[in-house]
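J.: I am attaching a structure below and will ask some questions about it afterwards.
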Amino acid sequence: MEEDEFSKAYDPKGLEDKLYAFWEGSGMFTAQSASDKPPYAIIMPPPNVTGILHMGHALVNTLQDVLIRYKRMSGFEVCWVPGTDHAGIATQTVVERHLYASLGKRRIDFSREEFIKHVWEWKEKSEGVILSQLRQLGCSCDWSRLRFTMEPLANRAVKKAFKALFDKGHIYRGYYLVNWDPVLQTALADDEVEYEEKDGWLYYIRYKVVDSSEEIIVATTRPETLLGDTAIAISPDDERYSHLLGAKVHLPFVDREIPIIGDMSVDPLFGTGAVKITPAHDRDDYRTGINHNLPMVNILAPTGEINENGGIFAGLSKEKAREDIITALEAMGLFVKKEPYKLRVGVSYRSGAVIEPYLSKQWFVSVESFRDSLREFVANDSIKIFPPEFTRNYLSWVNNLRDWCISRQLWWGHRIPVWYHKSDEDRILCYDGEGIPEEVAQDPDSWYQDPDVLDTWFSSGLWPLTCLGWPDVESGDLEKFYPTAVLITGHDILFFWVTRMVLLCSAMVEEKPFSDVFLHGLIFGKSYKRYNDLGEWTYISGEEKHAYDMGKALPKDVVAKWEKLSKSKGNVIDPLEMIGKYGADAVRMTLCSCANRGEQIDLDYRLFEEYKNFANKIWNGARFIFGHISNLTSKDLVYGIDKDLLGLEDFYILDGFNQLLKQLESAYQSYAFDKITTMAYEFFRNDFCSTYIEIIKPTLYGKQGNEEDRLTKQKLLAVLLVNILGVLHPITPFVTETLFLKLKATLGDVDAPCADTITAHALDMLRAESYVVAPYPQAIDIAIPKDLHESFALAERLVYTIRNIRGEMQLDPRASLEVFVICPEGISIETYVPMMCALGGIASLEYLSEEPKDRVYSLGVVEGIRLGVFVPMEHITKERNRLEKEKMRLENSIESVSRLLSSESFRAKANPDLVRSKEETLKNNRMELQSILDKLASFS
């Protein structure tokens, strides 16, 4: 292929879709469970079917695909199972909003079956978009194994797991204080609650002691829950109140008398040392209520309003009830005061609503019997967590784990497989078969199924099993690919998801779900804001923001900050938009280069441009090589390479490539994606293109060596290109595959065996239909000279000296140089000359025994080797004139500053810093002048 058959710039548009269709249509992504190859499986963290992919999805799936492509090329039977998540709360909320916006109807306007039908329609549409986006990113998933967390297989798995845990007593139903979302009207697990610090008040309220003139004052942050108080608690050791133990106080508004109790949990230093106990609406109070056998009075409706137990305040919002209760207490003389107080408020991670501790009957997984195994899997390295510092987080969380609330008051999700007898709710049936239990079928009017659904994380916790066919095992996938190799996910769902997979999967099959866990950081984008005319912060978007993202200097009124991606902050980066603008390879390299081992990934917009340029560098580097190997065929490579014709630069690049493979193997093992990207990037750009190719260009163009030398370089270029593109392929699959197919077409079919240690593996790679199924590059078996690195380092210093002289003399960077060399006795630089000439821009080099006296030159010395660069006469005249002008300027400056510093008046009146500055200027000017005088003398 001639060089001009290539476009001058890499344009991924059109190429990417065609390549992906070729890969998928050829079945290259499909795993074979009957294969003899060692298994390597990853299950995709399923994106929610709520919309489109965001940059976090692009990151996690790029990292997985890099591993999958690397392992597939490394000879493993790779199985990457894609899938999507039904995402109970999130999807139901999105669909409810959609139906209200499009039809003006709320969920309660539909039957359960009608609403679920709408959700399935949403799922089909959204899932199709998501899967298309994954293909655009280049994800080499096994699409024949696509899963969904609400498909029939997943439902069978969920029911089987629920019943297995229920039968063993690990799942129970009971009243408990749950995290209640009054907007979504469902319970949430502890780790679905986010906490914020807010400004609030501490209210002081009088309680009148029954049959006494005494009173007791308590401090509370929530006066509205007074309606549900069932005791006042004090420390038994608090002498101020000990005489009141056993007495009762009158509870206003609801006409109840409640006891004063002693409890060691009360802090005598908080408030007045006396606290109100509301067991149905506070976790600490709940435990106190259990310990003292107190009644539990729920005063809230599921909507968050005051219920019938609130008496005259029933039907009010809790905020309005608080306001009215304080007003009424003031009128009764029972309100004392309020003080500012910092509150730690729980909010729903989905709706943003303030969470209410709420007494409710729910289903729970008892975690106590699993705590030891959860701990041991990680403590004994059966499951390794990367980065390892998150191991401590995991173990701490397991040690403090509480029972997991798994029931949700939703319509969308896996229905809890339990039926209740209408006349006796304690008579229940747990059933994991198809349809309904036989007993229910025989008497359907006497039974009803639990209306609640399971927490999304319950079905997601079984994901590694269901992805591989469990509870059906006929396919052989479970036996072949379980446990999976690694789970890649964000560190923010270590507890939401990772721990629950370990719990549920090990409980079902007595084996861990994966061997490694890699937790990536969360993506942050740069936001910019300024004060508006009202004195409020406003975020900057559009073209102005993009200009700042690309490096435009910030005005003084603009503040930049790395923040979590948010539409309101204007710092969201759409991965599909970036793919359209920069290409999938550039997006993938950007994400891999940022996948550090910290908690935060600062996604710099300029990286997309940088890696787009690198994809173009790959293209143009290959374009140059193709222009010089068009005469080669695969037979030339089969004949091999004569190692006696290899030069210093050849050994150096081959050894460098072998070292690169070792470093990459280590980086892959530790999931150091940023290092993988950087090492491959720097080797291709610096070692291969900027150094090796530049050194051999004179040979390729016939200016150095003979035809045999040229053919050797051409063969080695082809071998290196196949191998280096193979290294880059897992990260940049599209541009490398395009070039691989062109290379196959150029060299022709490989139809003969090859024993040459340099070319053999490259030919094996070229036999493959695609890089996707080609063997990964291997270290090239060649004896490396012992003094290679010392010799190359000396050659680099010689080149550096030549370049330094060029710069000091201000010679044209493109001008060819005439150079002489004087070597100490017994030292030869013959081996280095090709490299020196190519990288130093040397047109002629002669060996002398002493420095010439008839020409002007500039001299450098490296380890006793003298290098002289002759200065052209036309440059001498031009440079002498420039130096004379600079000499005059410096002499005038020296005279002026010297006169100023010699003035006693100046020194007496001037700021000492100014005097020191002038002295420094004088010193520097004198040094510069001496340098110029030396250069002028060298022209004499």
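Cβ atoms are placed via backbone N, Cα and C, with glycine included.
I grabbed these lines from Swiss-Prot:
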- K567: ATP binding site (BINDING)
- 872-938: coiled coil (COILED)
- 47-57: motif ''HIGH' region' (MOTIF)
- 564-568: motif ''KMSKS' region' (MOTIF)
J.: Take every residue in the coiled coil (872-938), average their pLDDT values, and give the whole-number result.
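T.: Looking only at the coiled coil (872-938), pLDDT averages out to 87.
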J.: Given a Cβ distance threshold of under 8 angstroms, which distant residues of the chain, six or more beyond its ends, lie next to the motif ''KMSKS' region' (564-568)?
T.: 54-56, 522-525, 527, 539
J.: On the DSSP side of things, how many residues of the motif ''KMSKS' region' (564-568) fall into helix, strand and coil, could you say?
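T.: Helix, strand and coil residues of the motif ''KMSKS' region' (564-568) number 2 helix, 1 strand, 2 coil.
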J.: Have a look around the residue listed as 'ATP binding site' and count the other CB atoms within 10 A of its CB, chains all included.
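T.: I count 9 other Cβ atoms within 10 Å of it.
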J.: According to DSSP, how is the motif ''HIGH' region' (47-57) divided among helix, strand and coil residues?
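T.: Computed counts for the motif ''HIGH' region' (47-57) are 3 helix, 1 strand, 7 coil.
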